[in-house]
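Data block below; observations after.
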């Protein structure tokens, strides 16, 4: 039986530790605490769903016991049966979730959309793609989180990076459904910014990167250089006056990632690290495929006619 008070107490303690200024230089401890935080958040979110179901069940039981008209009672009885099944399924998911290790985070993807040729129209097209994938994620029951973005003044995006992940064990494989979206997308239309009615061609690139499991990819803290600076995007005086934006440089590869979408420095740091891990995994897999290709070409080149 889960002790939610203990879970909430542990979660609050982790938040206090994550807010410590000393933690900014201790990446290993930061990753460990971040994993625990995400794991506990999953459990608490699932418990909230169960509590809501129980509340709705009590409301339907109240209708049945009050002797309301038969039609309303029939509806309440039918809904109560559905809620009982939902509660059983959610409690099973919660039980499985509580047995998981912190590392067992559902497989997720990092999606990067960048405006290509076409100026402001390309940025608007990138925003359209983002809205399309957001709607698709909603229909699939996935969770979405924006990690970084560079919006334009008229509602477009020069770049937007976001995470998609399954909301539970039954949410399906996100990567298998999204991987074919990678590549250059093109649209021909009359832009909203075009006054003469001419058709323009605009492009936007989409990259779909599998988010590494914590057990399959470890970054050495000594390989990272972290810079913090004031956010340049919207968000009010708070983000513009405080150093909440994060830039991380992976020294061995020279890869640089940024995040400034959140009002919180530590959350932006988590987001930037997630982007970096996905890009490093892609780089490693690409290099592995290239080596296999070179080896195959070498073997084919050595073949002789009998």
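Every residue gets a Cβ built from N, Cα and C, even glycine.
Here TrEMBL flags 30-107 as coiled coil.
Per DSSP, the secondary structure of the domain 'Peptide chain release factor' (61-181) breaks down as 65 helix, 28 strand, 28 coil. If you look up TrEMBL, you'll see 61-181 marked as domain 'Peptide chain release factor'.
Per TrEMBL, region 'Disordered' is recorded for 283-306.
TrEMBL lists 283-297 with the feature compositional bias 'Basic and acidic residues'.
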Predicted model, mean pLDDT over the coiled coil (30-107): 82
